[in-house]
Amino acid sequence: MKQYLKIDEWSIIEESFDPQTQEISESVFSIGNGYMGGRANFEEQYSGNSLQGSYMAGVYYPDKTRVGWWKNGYPEYFAKVLNSTNWIGINIDIDGTALDLAKCTVSEFHRELNMKEGTLSRSFTATLADGKEVKVESIRLVSMVRQEIGAIRYSIQPLNFAGTITVTPYLDGDVKNKDSNYDEKFWNEVEKKGLPDGGYLTLKTKKLDFHVTSAMAFDIFKGDELLSIEAEAVEQDKYVASVITLPVQSGDQIVLYKYVANVTSRNHGLGQLIDAATTALQSAKEAGFATLLTEQSEAWRDKWKESDIVIEGDVSAQQAIRFNIFQLNQTYNGEDDRLNIGPKGFTGEKYGGSTYWDTEAYCVPFYLSTADSTIARNLLIYRYKHLEKAKENARKLGFTKGALYPMVTMNGEECHNEWEITFEEIHRNGAIAYAVYNYVNYTGDKAYLGQYGLEVLVEISRFWEERVHLVPHKDKYVMLGVTGPNEYENNVNNNWYTNRMASWTLEYTLEALAYLQENEASRYAELADKLELLESETEKWAEIIAKMYYPADEERGIFLQQDGFLDKDLMLVKDIPQENLPLNQKWSWDRILRSCFIKQADVLQGLFFLGDRYDLETKKRNFDFYEPLTVHESSLSPCIHAILACELGYMEKAYEMYLRTSRLDLDNYNNDTEDGCHSTSMAGTWMSIVHGFGGFRVLDGRVVLKPSNPGHWTSYAFKIMFRGSRLKVNVTDLEVTVTNETEVPASITIYDQEYTVNGLSSITAQGSSITV
Ligand code: BGC
C-alpha cells in the first residue's frame, strides 16, 4: 500500500512525479464517458514504464485461447477489451531533443483529476539534459455530452532559452494489448489521411471487422494569436501526424488545442465513418475548447445531483466515495444496451471481457438507486439477449436443458478458460436470477417478468435442476464439484452459497410463474408454450427446494462454506505474518487452496442477498466465524463485510472495511492498481454507505432505512431514486432527515417507524442505535 495522493474533497491530486507510481496513476487518473475512455498516459512521449491504453466500449478482439492443457468445453477465445488508436498523443521536440519525463528533471509536477468538472490536468517544469527549461500545462476531457469527442489543451513555454519547438499532434493505431495471448497486434489499417490541419485514420480489427475511425483537428496559438501555420502532414503505417515547427523566445507560450472524434462501426455504417467523424469533429472544434469545458462541467453537475454522497468531517472518506462514483459514471451510462461494465472499465486491460457476475451482484444496485430505472433494466435485458448463448453453453457442457451464463463474456459466449472457474463457478447463475428479483422488487415493474425476466428464471432453474442430484441415503439434493465466490478453494462439494442461491432461484421462479398465471394469464400461457414448461418440472423444483442440502455446523450455529470446510486447519488472518500478504502474490496456489483463508464473502454473500430471511443472531454467528478468516483479496469482498458489519453494529469493523473498499485503488491496497482500477467493486463502495451505514433496503414496496453513523463522520448524506422520487438522506449522530427533491411522494420506514415524505418536503427522525 502506498499513499501518495493528496486528500481533497473533489479532486485526486498528485504533487510530484515519481516514475515508480506512474502506472498506478495512469489507472487512477483515467477518464472516460461510457462510450470511450483511457488511461492517464502522458500526451508527450514517455519512455519509462507505462501501460498505454485507449479503449472504445464494445470494440473487442476474440484472442485465441491459450491454455496448457485443453479441456473439452473450453471456449475458443478470450474476448479482450481492445487497446485502440492512441488519440491523445502530442509529441514535443525542443531543438532536436524529445520532451520525455523519463529523461529530464521534473519539478513543480501537479496532476489533477477534477471530479466535479470531469477533467484531467497536469502541469510541470522540465529541465532537459542540456539545461533548457520548459513549463507545460495540459488539460483534457472525454466529453460527457458529445460521446465521440475528446479534446486537449496543451501549452508549452520555454523558460530560459530561444530556439525551435516542434509540436506534433498525432493519431497512432500501431498499438498492442499487453495481454495479447500470442503477442499479436490486433489491428489492420483501412485508410488514412494526414492533412496540414489534422487528419484521420481508419483501422479495422483482424477478426470481427470492428472499424474505428479517429479524426483530429487542431488550433495553435502563440500567446493570444491564432497562428495560421500549415503543418507538415506525416503518414506512416497506422499513423498520421501534423508536424508544426515554431521559432520561440524565452517566455513565449505555445498553446495547442487538439480535438479528436473517435467513431466506430458499432454505431455507423462502414461507408459513413469518415463523414461521421469529420462532422462530429468540426462541430466540436467550432464550439471550441471553452464550450466543451462548460458542457462537461454542466453534465457532471447533473450527474452529481443524482448520485453524490457528501461526508462531513472526513475528507479522505469523502474523496474516496466521490472517486468511486465518478469512475462508475465514467464507465457505464446505460445509453447502449449492448454494453456492460468491465471490472476495469476504461482503466486497464486485465480481465479482458466485459461482463462478470459483478454487474448483477454489485453494479445493478448502484444504477437502480442513482439513475433512471431504464439503466438497470438495460443491464438485465443484456442478459436476456444472451439467453440463447447461455443455453448453448449449458449444452456444450453436457446439460440437456437450462442455461448456464458465462463467467466472463462479451457477446454471451463464455470466454473464461480455467476449468475450476469456467465449469465450476456456476453461482453466477444465481446472481443473474437475483438481479431480476432485485430490479422488480426495487422498481415494482412486475411487467418485466412477463416481458423478459421469467424466461431467464425458468432456464436458470432448469440448469439448477439438472446440476443437483438426490442422494438416497440422505434424502437430500446435493451439488458436487463447484467453486463458490471464494475462489481460494475449488471443486468443493455443497458450497452453501451456491446451494442456497440455487434453491432460492427455484423459489423465485415458482413465485414469478404464480404471479403471471394469476395476473397475466394470456402472457403466462404464451410463455409456458414457448418454454415448453411442464408441470413435472415445477413439481421437481418444489421437491428440490424442500430437500436441498445445506451444510451446517450445529455446534457453532453456522452454515458451512462447503462440506469439508471444518477439516481445514483453522487459523486467523490476524496471525498471518504481514510479509505473507497478499497471499495470492506470496503463497503457492496449492497452499492457498488447502488453507482456510477466504478470498471474499461467500456464506456472507448469501446472508447479504437473502438478508430478510435470516435473523441478526444467525448473521452474527456466521460473520464472527468467517470474517476473521477472510483476506479480502477480491475487491468485491470488503463492501459486503462493511454492510453486514453495520447491520450487526460492528461500527469499527464497518469503517475499516469501508476505507478498504473505498480507497482500494487510491491507496493501492491490493498492490495491483497499475493493471487498472477495480471499477465494478466501486459500486460495492457505494453500497457500503447506502446499504451499509444507511441501512437502506426495499421491503414490500417501501424504502426502509436504518442509518448508523460510523463514528468518524459529523454527518453523511446520500441520494436514492425510488419509483419516481429522489430522496436525499442526511444522517447525523442524532437524527435522520429525508428530503424529497421531487414532487412524487414516497413511503418510507426509518427505524421501524413509517412515514410519508411528500413532494418537495422533509421529515426528520431521531437517531437510534442498533444492538444485537
Ligand atoms: C473475483 C470474482 C470477480 C472477478 C472480476 C475475481 O477476483 O473473485 O468474484 O467476478 O474478480 O471482478
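Cβ from N, Cα, C; glycine included.
Just so you know, TrEMBL annotations never went through curation; they're auto-generated.
Summarising the annotation, TrEMBL assigns domain 'Glycoside hydrolase family 65 N-terminal' to 14-266.
Annotated domain 'Glycoside hydrolase family 65 central catalytic' per TrEMBL: 322-687, in sequence order.
Counted within 10 Å of its Cβ, the other Cβ atoms near Gln600 (substrate binding site) come to 24, all protein chains included. For Trp357, Asp358, Lys599, Gln600, the entry in TrEMBL reads substrate binding site.
The active site, proton donor annotation in TrEMBL covers Glu487. Annotation note: Glu487 (active site, proton donor) sits in a coil segment as assigned by DSSP.
Annotation source TrEMBL lists domain 'Glycoside hydrolase family 65 C-terminal' at 696-757. Secondary structure of the domain 'Glycoside hydrolase family 65 C-terminal' (696-757) per DSSP (helix as H, G, I; strand as E, B; remaining residues coil): 0 helix, 39 strand, 23 coil.
On the backbone, the CA of Asp358 (substrate binding site) and the CA of Glu487 (active site, proton donor) stand 14 Å apart. Spread of the substrate binding residues is 16 Å (greatest Cα-Cα distance among Trp357, Asp358, Lys599, Gln600).
For Trp357 (substrate binding site), applying a Cβ distance below 8 Å and a minimum sequence separation of six or more within one chain yields Met407, His427, Arg428, Ala431, Ile432.
In sequence order, Pro485, Asn486, Glu487, Tyr488, Asn584, Thr630, Val631, His632, Glu633, Ser634, Ser637 make up the list of same-chain residues 6 or more apart from Lys599 (substrate binding site) whose Cβ falls under 8 Å from its Cβ. Put plainly, the recorded positions Asp358, Glu487 were compared by Cβ crowding within 10 Å, and the winner is Asp358.
The substrate site is set by Trp357, Asp358, Lys599, Gln600; from the centre of their CB atoms, other residues of the chain with a CB within 8 Å are Tyr356, Ala361, Pro485, Glu487, Ser634, Leu636, Ser637. The domain 'Glycoside hydrolase family 65 N-terminal' (14-266) scores a mean pLDDT of 97 in the predicted structure.
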